[in-house]
Amino acid sequence: MQTGSTPHDDRAGVSANGILGAQARGASGRLLPEIWMQDGAKRVEEALARLLCAEDDGETELMAAMRYATLHGGKRTRALLCLAAGALADTPAHMLDDVGAAIEMMHACTLVHDDLPAMDDDVLRRGLPTVHVKFGEATAILVGDALQAHAFLTLASLNAPGDSPIALVRELAQAVSAEGAAGGQAIDLSLVGKHVELDRIVAMHRMKSGALVRASVRMGALCAVGVNAAHAALYCALDHYSACFGLALQVIDDILDVTADTAALGKTPGKDAAAQKPTCASIMGLQEARQFALDLLRDAGEAIAPLGPRAERLAQLIQRANAYLFKHAPRA
């Protein structure tokens, strides 16, 4: 595994805001979301390919499966959230790319484990056979374990000032702990076949998927402004944004499990209902859930409005989620 920027890395010393230059803005000076999102996703994928490579003896089946889990599709939303928060200041692009890659490794870890027969038992992910289907269940378990380790190793190896690597590791660890994704998944499994209140589902979603969204934003901000009491108001705004945006993404996912097809989802539709899993969509109904998602996205935008143009990229990710919802779950 190669870590950090190399002497030949042409990103070194270039900020996330400066790496695209004028091409990222239209004639009006407005930042073009399709340009920076495509470029950001490409840079993170290049970092993943660099970080997840065999060093000496060729590619093992485990490494091949790890690359399969991380390099074949995905919207890269969490990495883009990190990059967008990193754009709050002139953060070195190479640092954000590697942090974004670490986040995507951890996200892939959670997906690989969630898809296992003992968990959600899914056979499709991102339009391809899930890791346990293609490589076997034992390898899939090891893939998740190894991706988690590589994510932390990537952060610990960053060429970053002060205690930044420690703070980043702490944020990511907290996101997947018993108070985060792992705890949320445990609750999700425990609710199968039960009638529960909406508040219980919302709390579960905030842990299972929302915690990693929050960490993605906070990790980008840590790269931009560090750990400083002077930025308490900034982190408060970002946490509110993350809470609303992360929950909105999961509500949209609940809706699309009902309304979208395999091509749009990249996974098997109707799985939640078939497994008797309570969701926001099943409890609220599709139209109420849709409005709930729209309200959450609006609240996310209001949370970062005081940050002004610095938060332009975070706002554009809200717009992308809105467009995705309108495309795949139009109003009845």
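Cβ coordinates come from backbone N, Cα and C, glycine included.
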### Annotated companion of K75, R78, H107 at the isopentenyl diphosphate site, Swiss-Prot, chosen from R67, R126
R126
### Query
Among Q250, Q287, which is the one Swiss-Prot gives for the (2E)-geranyl diphosphate site where R125, K208, S209, K267 also bind?
Q250
### Message
I want to verify one value. Collapsing DSSP to three states, which class is R125 ((2E)-geranyl diphosphate binding site)?
### Response
strand
### Task
Rank the binding-site residues K75, H107, R126 by the number of other Cβ atoms within 10 Å of each Cβ and report the first-ranked residue.
H107
### Task
Output, ordered by sequence, the same-chain residues six or more apart from Q250 ((2E)-geranyl diphosphate binding site) with a CB under 8 Å from its CB, or 'none'.
H205, K208, S209, G210, C280
### Query
Other than K75, R78, H107, R126, which residues of the chain come within 8 Å of the isopentenyl diphosphate site, judged by Cβ distance to the Cβ centroid of those residues?
G74, R76, T77, A79, E104, A108, L111
#### Entry: Distant-in-sequence Cβ neighbours of D120 (Mg(2+) 2 binding site), under 8 Å, six or more positions away
D114, K271, A275
